[in-house]
Structures are given as C-alpha cells and as structure tokens.
Amino acid sequence: MISENTIEERLQALRAAIALHDFHYYVQDAPVIPDAEYDALFRTLQQLEQQYPHLVTPDSPTQRVGAPPLKVFAQLTHQTPMLSLANAFSEEEVTAFDRRIREALNIDRVDYAVEPKFDGLAISLIYANGILTKGATRGDGYTGEDITLNLRTIPSIPLRLQVPFPTGQFEVRGEVVMLKTDFERLNEQQRKNGEKTFVNPRNAAAGSLRQLDSRITAMRRLTFFAYGIGAYHEDQPIFSTHSEILAYLATQQFLVARQSSTVMGANGLLAYYREMNAVRLSLPYEIDGVVYKVNDLAQQEKLGYVSRAPRFAIAHKFPAQEVSTELLAIEIQVGRTGALTPVARLAPVFVGGVTVTNATLHNEDEVQRKQIMIGDTVIVRRAGDVIPEVVAVIVERRPTHAQAFVMPDHCPVCGSKAVRLPDEAVTRCTGGLYCPAQRKQAILHFASRRAIDIDGLGEKLVDQLIDRELVHTPADLYRLDIDTLAGLERMAGKSARNLVTAIEDSKKTTLPRFIYALGIRHVGEATAKALASHTGDLDRLMDMNAEQLQQIPDIGPIVAQSIADFFSEAHNREVIEQLLSCGLQWEKPSHIAQPSSRTNLAVPGKTFVLTGTLPTMTRDQAKNRIEQQGGKVTGSVSSATSYVVAGSDPGSKYARAIELGIPVLDEDQLLSLLRDTSSSE
C-alpha cells in the first residue's frame, strides 16, 4: 500500500512541475511540453487531490488559474477573474458534464451556447464611455499585463464603440489570433530577412502581441475575436443569454466567430463537436477544440464557479491531428540509460504545422500490439501537437512486400547483448560500461559521490572528455594526466593537478562502492552492500548465475537476472579488468555470509517475513537459521511471501499475511519446519 508520505511527495512534485510549465506557457509564451502532456499532469494532480482532499494546499495549481505575469509590462488587475475552463477529452466526459448541469438545475434539457475554442491569447478590453482605454493579457487570471498600445494596433479591435454605447466602464473579452494566411506570410518574410521563423500561429501571435515596441506589433497582422464580456455597470444593456451577448458584440463591430451557435442537450453538444472537427482544417484560424456554455445567464449565476473554472462551461478538446503516410523503415535508437527504442522512419508528411519524418513506436510490445510492419501505411498523430506517434495501421493498404519487425538481440551501437527483463516493456543494452550511447551516464555515475567519488569531475568536464574522445569508458579516467587535463576549457594547471589527485585517491575504495559504481540496472547502494557481504569477492560475484544470486536475501529474480546479464557481457568484464589493472582495490570484508552449499535444505527458495518478538531467538538468529536452510528473509509481506513468522505483539505484517492467506508460524512451528531436514541428515 502506498504511504501517505509518498502521495504527498508525488503531489509536491506534480505541483512544482505544473507551476514551472505554467510559467513557460502563460508568461513566456514558450511552452516546453505538449498540451496533452500538461493536461495529463494536471488531471493526475486533480485525481490525486480528489482522492486525498486533506492534502490539498492553497498554492496548488488546481486552486488558481495560471502563473504570475512578468514585470516587463505594467500590471493590470482584472475586476472579475479571467478564469480558464475545465477540459473534456471524451464523449463520456461531455455527457457527464451535461448530467451535472441538469441535476444542479433540476431540469430535463439544457440550452447551450457553443463556439470554437481559439488557439490564441485571451485578452481583456476596457472601454470607458465607449472609448478603448485599457487592454490586458489574462496573466494569472487575476492580474495581467497592460498591452494597451499593442492592442490598439489591431484593426479588428474597435477604438470606439458604436452609438448608443454603454456608459461607464464596459469590458469585452476575447482572443487574439493570427490567421493561417497571415502566419504563412509572416514566416516567409522572416525567412527573407534571415530571421527565426515561428513554430505555429499561436506562438507568432504571442510573440507579436508582447513586443515592447508597438510599432513591431503594428506590422504583424493580428485578429481579435470577441467571445464574452466581463465587468460592466448596472445601467448598461441587460442580457438574458450568452448568445444575446455575442449578438450585441457583433453590432458593436467586434468579430464574432460565425460558427458560434446554440444547441440543446448532450446530443447537440456532441453533434456540434463532430461538425467542427470535420471543418477544423478549413477554418482560417487554428482551433484546438470547442467551448460549451450554459446559454441562460441566470442559470450560469446559479451554477457558479469553482476556484479555477466556471461550473457552467467546459472546453471539449480535439484529438491531435492525424494523417496517413508510409512507414519506410524501423530503426533503433539507444538512450543514455541503454533503452532500445524503435523509431519509425516515415515518408515526409505535414502534420499539425510541421513536416514529420520520424515517429516514436515506444517499445516492442507497442509495435506488436498495433501490428506494425515495415512498408505499411500508418496513421501518424502529433500527440499533444508536438510529439509524432504512429497510432494505427491501415491494414487494407498493406503491401505484399511488408516485413515484420524483429527487436534486435544486440545493441546496434556497441554490439553488446540486448535483453528484456521480465515485467519490463523496454529492451536494454547490457554494455553499460562500454556502450558509446551510455558513455556519459556511465562515467558520471561511476564518479559520483556515493560510488567511486572522484571529486571535481562534473558534467561539463565529462562532456569535454567525451567530445574530445579522451575517455571512452570509466577505465580511461585513470589514464588521464595533468597535461591533457590542463588543455581543457576552464582547467588550469592547479585544477588539473587536483583532479588527477582525486582520481588517484579514488583507487582505494570498497567492494560495495565498486559494485554500485558499475551502474548495474536495479542495483542500488543497499543491493551492492548485500552482494558484497554475501560474496566478499568480485570474481565470485561475476561468475554467479541468476539462480545462485537469488539465494542472497532481498535479491529477487528480476534483479538477479539483471546482474547476471551485466557480468555475462564480455565488454563489461573487459572494462572491469582494465579498472583493476589501473589499481582500483579494496579490503576484503572480515565476515562473509556464505549461502549453504548443502543440497538437502529444509526451505530452499522460500521467502520469510519476521514480525513481533520471538520467545527464545532474536530476529538475527532466526534469520540466520532460515538462511542456513536455503530460505531468505525480506522486510515486507506480499503475494510472493511463503511464510510469516510471528512473535508477541506482531505488527501490520501479521494482518497483511491473514489478508493474503499466507501461512503464519510461531517460533516452535518455524523450528519444527527447519528441523525436518536437519534431523534426517
């Protein structure tokens, strides 16, 4: 069972990540992750906070709208918050939204206003007695940036309202976008000028609107679409529905999306969604979904708001754009941790504003699940409009020459054996000490403080050593000299001497540190200590097979196989020999826990958990007796546990054993079980 501390740490990590991405998206207008990935983070946070409401904090992203604005522009406080909308990604979520509305209003059918969801920047316009006086970005929803001068340059924003205009203050809200044709024209001009082009219309609109020099904004073609109103005086026009607001804004010469409409009930919402998704590409501007709002303003008022969004509205997001193309080949990329990832090489295709030639296939299971073959016509989606992904095969178009994909059993980079451990989806290169693709990670880990501990060997220095081909494996570190190091960037003679001294000092280490430094997958510090304690000798450890390794306490089949695979790879053994020949050494431990070599063990391979206080034995004594008879003792109860040995005052482990139906022994029963074999010797 996951502890509450673990949940709290997960919540803190999610909040920190979302806050950082909010800053990139809302403030810098330079998102670093796809929208779909952000949505997944936010939904995960929402779900966890719903499960653990007592862990919700006031500063959680779910309790606010966005991120604080920059201090570059003057700040403008919104009289009424510019809230974001909750998102729906499926028809089921839309149906659930409609059901909540009907139940809250106690009516059978709801009249909805529906409109496109522009992919631009939300803007507030303030008119005083019919004259545009202020304009601001949404910012964090409560305070935005005053960009009045820039907004005044946009032709589709009226500087003066039509007579009769509302008296006092009147706020219009909408979205600034760049039309597709204007975006293409701007990028063409950028290319001619030798300047950086924009990735998509939204980025172009953001970059244009947030210029400190409004003359630059004036040269960019931006368009404003109105979709609502904010604060206004009581003596201003009285509206009863949202559609009436849009109609009024149109009379004031604001652009209002022609696709705005009204529908009845969930069926009407879904029909509108399908209609807009079908015409999405033909629209003059980018949209990433549609917006549903309860049309009746009195009903909106009754439904109210949550801290982040109105209850009466929701955004129904479109799936990422999808197109078909030919899969020309499947190549393997090797990551810095040794993961082998199949990558589709595609006939070039334009998806979501960019030309795509590669797409991730994730892993071998995904290729098989989707029945992907080389030569297939595949559907490519830009997941989150950023990461290209092969989502399906058009089997009807499969050519006769299509070839099945076979995951390689050797690393394409270094030739080492590639293995896939049980219960893992990823195939990995076992040449961790040798593989060029893993070189940087292997050297940094080897030299880290808890491993061999080479003081002064940081990431930037390792980059230089690798880039200049001075170091290929950790063993090469011990061949570096002062003159070579002094020739590197930011490495004077003194720094070089200090590093050579640190490298020399690192030769005297311990066996647990050395084992940990090798970077064997699943082998942390505790496991390295256990391996050293129970073998006492590196050669012995390197020659053990997976079955023998499992006789060591807390070494399960997956970890055992990972260790065996690592040491069976000749490249790794060669690097280890080089390290030893360079002078790395350690003292042998004074006590070595030897697994019994007897063949007639009482409990070979059985797993025990101890809980409570035993009458005549300490836990260590009980553990030693169990291990002498081929068993192993672990610290937690699971379905893999063979027996739980309970003394007086047993803890939660006892209750867990009862829950799982695992046999519970007292001390006498344990001794009897262990004597069954010893008495027959």
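Every residue gets a Cβ built from N, Cα and C, even glycine.
Since the structure is predicted, the reported quantities are computational estimates derived from the model, not experimental observations.
Swiss-Prot has this to say about the protein:
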- Lys117: active site, N6-AMP-lysine intermediate (ACT_SITE)
- Asp35, Ala36, Glu37, Tyr38, Asp39, Ser84, Leu85, Glu115, Arg138, Glu175, Lys293, Lys317: NAD(+) binding site (BINDING)
- Cys411, Cys414, Cys429, Cys435: Zn(2+) binding site (BINDING)
- 598-681: domain 'BRCT' (DOMAIN)
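Comparing the Cα of Asp39 (NAD(+) binding site) with the Cα of every entry in Lys117, Cys414, Cys429, Cys435, these being the recorded positions, the smallest distance points to Lys117.
Taking only the Cα positions, the spacing between Lys293 (NAD(+) binding site) and the residue listed as 'active site, N6-AMP-lysine intermediate' is 12 angstrom. DSSP places the residues of the domain 'BRCT' (598-681) in helix, strand and coil in these numbers: 31 helix, 16 strand, 37 coil. If you measure from the Cα atom of Cys411 (Zn(2+) binding site) to that of Lys117 (active site, N6-AMP-lysine intermediate), you get 46 Å. The binding-site residues recorded for this entry are Cys414, Cys429, Cys435, and the Cα of Cys429 lies nearest to that of Leu85 (NAD(+) binding site). Closest to Lys117 (active site, N6-AMP-lysine intermediate) by Cα-Cα distance, out of the binding-site residues Glu37, Cys414, Cys435, is Glu37. Residues Cys411, Cys414, Cys429, Cys435 make up the record's Zn(2+) site, and a Cβ search at 8 Å around their centroid adds Val334, Gly338, His410, Pro412, Val413, Gly415, Ser416, Ala418, Thr430, Gly431, Tyr434, Pro436, Ala437, Gln438, His571 from the same chain.
For the pair Cys414 (Zn(2+) binding site) and Glu37 (NAD(+) binding site), the Cα-Cα distance reads 33 Å.
Ranking the binding-site residues Cys429, Cys435 by C-beta neighbours within 10 Å puts Cys429 at the top. On a Cα basis, Cys435 (Zn(2+) binding site) lies 35 Å away from Asp35 (NAD(+) binding site). The NAD(+)-binding residues named in the record, Asp35, Ala36, Glu37, Tyr38, Asp39, Ser84, Leu85, Glu115, Arg138, Glu175, Lys293, Lys317, extend over a maximum Cα to Cα distance of 25 Å.
The binding-site residues listed here are Leu85, Cys411, Cys414; among them, Cys411 has the most other Cβ atoms within 10 Å of its own Cβ. Comparing Cys429 (Zn(2+) binding site) with Glu37 (NAD(+) binding site), their Cα atoms are 28 Å apart once rounded.
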